[in-house]
(Lines of atoms letter the chains of each structure in order from A and count residues from 1; the text may use other names and numbers.)
(Lines give C-alpha, C1' and ligand atoms only; values in the text may rest on other atoms or scores of the structure.)
Protein backbone atom coordinates (compact mmCIF):
# COMPACT_ATOMS: atom_id res chain seq x y z
CA UNK A 1 0.00 0.00 0.00
CA UNK A 2 2.83 2.38 0.90
CA UNK A 3 4.66 1.46 -2.30
CA UNK A 4 1.57 2.19 -4.41
CA UNK A 5 1.17 5.56 -2.70
CA UNK A 6 4.80 6.45 -3.44
CA UNK A 7 4.29 5.49 -7.07
CA UNK A 8 1.24 7.73 -7.39
CA UNK A 9 3.01 10.62 -5.66
CA UNK A 10 6.17 10.23 -7.75
CA UNK A 11 4.24 9.92 -11.00
CA UNK A 12 2.14 12.99 -10.20
CA UNK A 13 5.25 15.06 -9.52
CA UNK A 14 6.90 13.84 -12.71
CA UNK A 15 3.83 14.62 -14.83
CA UNK A 16 3.61 18.14 -13.40
CA UNK A 17 7.34 18.58 -13.98
CA UNK A 18 7.03 17.46 -17.60
CA UNK A 19 4.18 19.90 -18.19
CA UNK A 20 6.29 22.71 -16.71
CA UNK A 21 9.16 21.75 -19.04
CA UNK A 22 6.84 22.05 -22.05
CA UNK A 23 5.57 25.38 -20.74
CA UNK A 24 9.09 26.74 -20.25
CA UNK A 25 10.09 25.52 -23.70
CA UNK A 26 7.29 27.47 -25.37
CA UNK A 27 7.42 30.67 -23.32
CA UNK A 28 9.45 33.55 -24.78
CA UNK A 29 10.48 34.90 -21.37
CA UNK A 30 13.93 33.32 -21.04
CA UNK A 31 15.70 36.68 -21.16
CA UNK A 32 13.94 39.94 -20.32
CA UNK A 33 14.99 43.58 -20.47
CA UNK A 34 16.97 44.75 -17.45
CA UNK A 35 15.71 48.00 -15.91
CA UNK A 36 18.97 49.34 -14.49
CA UNK A 37 18.82 52.97 -15.61
CA UNK A 38 17.53 55.84 -13.53
CA UNK A 39 14.44 56.26 -15.68
CA UNK A 40 12.15 53.27 -15.09
CA UNK A 41 9.53 54.52 -17.55
CA UNK A 42 10.37 52.76 -20.80
CA UNK A 43 8.42 52.50 -24.03
CA UNK A 44 8.94 48.78 -24.56
CA UNK A 45 10.08 45.54 -22.96
CA UNK A 46 11.99 42.87 -24.86
CA UNK A 47 11.51 39.15 -24.28
CA UNK A 48 13.98 36.65 -25.75
CA UNK A 49 12.91 33.01 -25.99
CA UNK A 50 13.97 29.79 -27.63
CA UNK A 51 11.70 30.19 -30.62
CA UNK A 52 10.89 33.89 -30.89
CA UNK A 53 11.63 37.40 -29.68
CA UNK A 54 8.75 39.53 -28.44
CA UNK A 55 8.48 43.28 -27.89
CA UNK A 56 5.83 44.48 -25.46
CA UNK A 57 4.85 48.12 -25.81
CA UNK A 58 3.87 50.29 -22.87
CA UNK A 59 0.35 50.38 -24.29
CA UNK A 60 0.04 46.61 -23.88
CA UNK A 61 0.51 45.72 -27.53
CA UNK A 62 2.88 42.83 -28.16
CA UNK A 63 4.68 41.87 -31.36
CA UNK A 64 6.65 38.63 -31.75
CA UNK A 65 9.07 37.52 -34.42
CA UNK A 66 10.16 33.91 -34.88
CA UNK A 67 13.89 33.28 -35.14
CA UNK A 68 14.76 33.02 -38.81
CA UNK A 69 17.82 30.79 -38.56
CA UNK A 70 18.84 28.20 -36.00
CA UNK A 71 22.52 28.59 -36.82
CA UNK A 72 22.33 32.33 -36.14
CA UNK A 73 21.35 31.68 -32.52
CA UNK A 74 23.83 31.60 -29.68
CA UNK A 75 25.16 28.28 -28.45
CA UNK A 76 23.16 28.34 -25.25
CA UNK A 77 19.90 28.87 -27.15
CA UNK A 78 20.70 26.05 -29.56
CA UNK A 79 21.49 23.68 -26.70
CA UNK A 80 18.37 24.76 -24.80
CA UNK A 81 16.20 24.10 -27.84
CA UNK A 82 17.51 20.58 -28.35
CA UNK A 83 17.64 19.51 -24.71
CA UNK A 84 14.23 20.84 -23.71
CA UNK A 85 12.57 19.14 -26.67
CA UNK A 86 14.33 15.87 -25.81
CA UNK A 87 13.29 16.27 -22.17
CA UNK A 88 9.65 16.79 -23.20
CA UNK A 89 9.70 13.64 -25.33
CA UNK A 90 11.33 11.69 -22.51
CA UNK A 91 8.61 12.90 -20.15
CA UNK A 92 5.91 11.38 -22.36
CA UNK A 93 7.95 8.18 -22.74
CA UNK A 94 8.48 7.94 -18.99
CA UNK A 95 4.74 8.34 -18.40
CA UNK A 96 3.93 5.40 -20.66
CA UNK A 97 6.64 3.25 -19.06
CA UNK A 98 5.51 3.97 -15.49
CA UNK A 99 1.83 3.36 -16.30
CA UNK A 100 2.74 0.04 -17.90
CA UNK A 101 4.54 -1.10 -14.73
CA UNK A 102 2.39 0.55 -12.07
CA UNK A 103 0.77 -1.62 -9.40
CA UNK A 104 -2.68 -0.29 -10.24
CA UNK A 105 -2.50 -1.58 -13.83
CA UNK A 106 -2.50 -5.10 -15.26
CA UNK A 107 -0.34 -4.53 -18.32
CA UNK A 108 2.39 -6.75 -16.81
CA UNK A 109 1.56 -9.76 -14.63
CA UNK A 110 4.97 -10.51 -13.13
CA UNK A 111 5.54 -8.38 -10.05
CA UNK A 112 9.33 -8.37 -10.32
CA UNK A 113 9.18 -7.23 -13.95
CA UNK A 114 6.69 -4.49 -13.01
CA UNK A 115 9.12 -3.26 -10.36
CA UNK A 116 11.93 -3.06 -12.89
CA UNK A 117 9.70 -1.22 -15.37
CA UNK A 118 8.77 1.40 -12.76
CA UNK A 119 12.46 1.73 -11.91
CA UNK A 120 13.22 2.34 -15.58
CA UNK A 121 10.51 5.01 -15.72
CA UNK A 122 12.01 6.77 -12.72
CA UNK A 123 15.45 6.75 -14.33
CA UNK A 124 13.97 8.25 -17.51
CA UNK A 125 12.43 11.09 -15.52
CA UNK A 126 15.70 11.75 -13.68
CA UNK A 127 17.60 11.95 -16.98
CA UNK A 128 14.89 14.25 -18.33
CA UNK A 129 15.39 16.57 -15.34
CA UNK A 130 19.14 16.65 -15.92
CA UNK A 131 18.59 17.49 -19.59
CA UNK A 132 16.57 20.53 -18.51
CA UNK A 133 18.96 21.56 -15.75
CA UNK A 134 21.97 21.88 -18.10
CA UNK A 135 20.61 24.53 -20.53
CA UNK A 136 18.79 26.50 -17.85
CA UNK A 137 21.86 26.80 -15.66
CA UNK A 138 24.04 27.56 -18.68
CA UNK A 139 21.77 30.37 -19.84
CA UNK A 140 21.39 31.79 -16.34
CA UNK A 141 25.17 31.89 -16.00
CA UNK A 142 25.50 33.75 -19.33
CA UNK A 143 22.82 36.24 -18.32
CA UNK A 144 24.51 36.99 -15.00
CA UNK A 145 27.94 37.26 -16.63
CA UNK A 146 26.68 39.70 -19.26
CA UNK A 147 24.80 41.70 -16.65
CA UNK A 148 27.99 42.47 -14.73
CA UNK A 149 30.05 43.03 -17.87
CA UNK A 150 30.97 46.75 -17.92
CA UNK A 151 31.66 46.67 -21.65
CA UNK A 152 28.02 46.05 -22.53
CA UNK A 153 25.53 48.89 -22.85
CA UNK A 154 22.60 48.95 -20.42
CA UNK A 155 20.22 48.33 -23.33
CA UNK A 156 22.05 45.09 -24.18
CA UNK A 157 21.84 43.60 -20.71
CA UNK A 158 19.16 41.10 -19.80
CA UNK A 159 17.75 39.57 -16.65
CA UNK A 160 16.56 36.06 -15.84
CA UNK A 161 13.06 35.54 -17.16
CA UNK A 162 10.11 33.62 -15.74
CA UNK A 163 10.75 30.62 -18.01
CA UNK A 164 14.02 29.86 -16.21
CA UNK A 165 12.32 29.82 -12.81
CA UNK A 166 9.63 27.54 -14.19
CA UNK A 167 12.36 25.30 -15.57
CA UNK A 168 14.10 25.08 -12.19
CA UNK A 169 10.82 24.11 -10.54
CA UNK A 170 10.32 21.45 -13.21
CA UNK A 171 13.81 20.07 -12.59
CA UNK A 172 13.13 19.76 -8.86
CA UNK A 173 9.85 17.93 -9.46
CA UNK A 174 11.39 15.57 -12.02
CA UNK A 175 14.36 14.67 -9.83
CA UNK A 176 12.29 14.14 -6.68
CA UNK A 177 9.50 12.31 -8.50
CA UNK A 178 11.94 10.10 -10.38
CA UNK A 179 13.72 9.22 -7.14
CA UNK A 180 10.41 8.27 -5.53
CA UNK A 181 9.60 6.01 -8.47
CA UNK A 182 12.97 4.31 -8.10
CA UNK A 183 12.38 3.74 -4.36
CA UNK A 184 8.70 2.79 -4.44
CA UNK A 185 9.04 -0.58 -6.16
CA UNK A 186 8.14 -3.68 -4.13
CA UNK A 187 10.81 -6.18 -3.30
CA UNK A 188 9.02 -8.98 -5.13
CA UNK A 189 6.70 -11.81 -4.32
CA UNK A 190 9.20 -13.94 -2.37
CA UNK A 191 10.38 -12.90 1.09
CA UNK A 192 13.98 -12.85 2.14
CA UNK A 193 13.53 -15.45 4.89
CA UNK A 194 13.92 -19.18 4.20
CA UNK A 195 11.97 -21.71 6.24
CA UNK A 196 13.65 -24.99 7.20
CA UNK A 197 11.66 -27.93 8.41
CA UNK A 198 13.12 -30.62 10.72
CA UNK A 199 12.84 -34.20 9.48
CA UNK A 200 10.13 -36.32 11.06
CA UNK A 201 11.07 -39.00 13.51
CA UNK A 202 10.78 -42.49 12.14
CA UNK A 203 9.61 -45.37 14.29
CA UNK A 204 11.51 -48.62 14.41
CA UNK A 205 10.04 -51.99 13.45
CA UNK A 206 9.26 -52.92 17.06
CA UNK A 207 7.17 -49.79 17.55
CA UNK A 208 9.79 -47.79 19.47
CA UNK A 209 11.45 -44.68 18.10
CA UNK A 210 14.87 -45.07 16.59
CA UNK A 211 17.65 -44.18 19.01
CA UNK A 212 19.30 -42.06 16.29
CA UNK A 213 16.51 -39.49 16.71
CA UNK A 214 17.83 -38.68 20.18
CA UNK A 215 21.49 -38.22 19.24
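Numbering starts at 1 and runs along the chain as displayed.
Every residue gets a Cβ built from N, Cα and C, even glycine.
Per TrEMBL, the feature transmembrane segment maps to 6-27, 82-102, 122-141, 162-181.
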- line: If you count CB pairs under 8 A between the transmembrane segment (122-141) and each of 6-27, 82-102, 162-181, the winner is 162-181
- prompt: In terms of Cβ proximity under 8 Å, which residues at least six beyond the ends of the transmembrane segment (6-27) contact it?
  reply: 49-51, 84-85, 87-88, 91-92, 94-95, 98-99, 102-104, 118, 122, 125, 128-129, 132, 136, 161-164, 166-167, 169-174, 176-181, 183-184
